[in-house]
């Protein structure tokens, strides 16, 4: 097993060297000698979400909610991901909320779920849906809402080159999908400038 990992690592390292050679670089020069290892470590860190299970994180929920049945929201969840098309950074913020139906989770769990899905090769549409579906499937809430706004380096620094462009995606389920009033309340709460990023509907 260890030999297989070492062989795979050596192949990956050589692949980075080959790419640098393709770009016309001298891979023997001092500034690039550690680059293959640094690049591989960076890629492993940026895709660590593949080795983590967001569903297990959410399974640590509480059922004693003292009758609370209104919106729970965590705003301004910073995340960093990577575009699967260009391996370019995606940097943004997520707002995640749900209307409980007897199950609630600690706020840190919402942030961790965002991070786990973000630390994979992604497109923003799928990232948004994965977060929402995980909350739906584990917490069985009355409704889930997810709003993500992010900047994509594949758009901002290359190609169409739109450095000021942001992408917004949403996911709504349950009453937040079918009830326009409740969905409007979600949008309103998401826009409020709460300094700590936490909102409990009253």
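Cβ coordinates are placed from backbone N, Cα and C, and glycine is handled just like the others.
Annotated features, as they stand in TrEMBL:
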DOMAIN    13-188  domain 'GTP cyclohydrolase I'
BINDING   83, 86, 154  Zn(2+) binding site
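When secondary structure is read from DSSP and collapsed to three states, residue 83 (Zn(2+) binding site) falls in the strand class.
Over the domain 'GTP cyclohydrolase I' (13-188), the average per-residue pLDDT in this prediction is 96. Of the chain residues outside the Zn(2+) site list 83, 86, 154, 82, 84, 85, 87, 88, 90, 152, 153, 155, 158 have their Cβ within 8 Å of the site's Cβ mean position. In sequence order, 153, 154, 158 are the residues near residue 86 (Zn(2+) binding site), counting only same-chain partners six or more apart with C-beta under 8 A.
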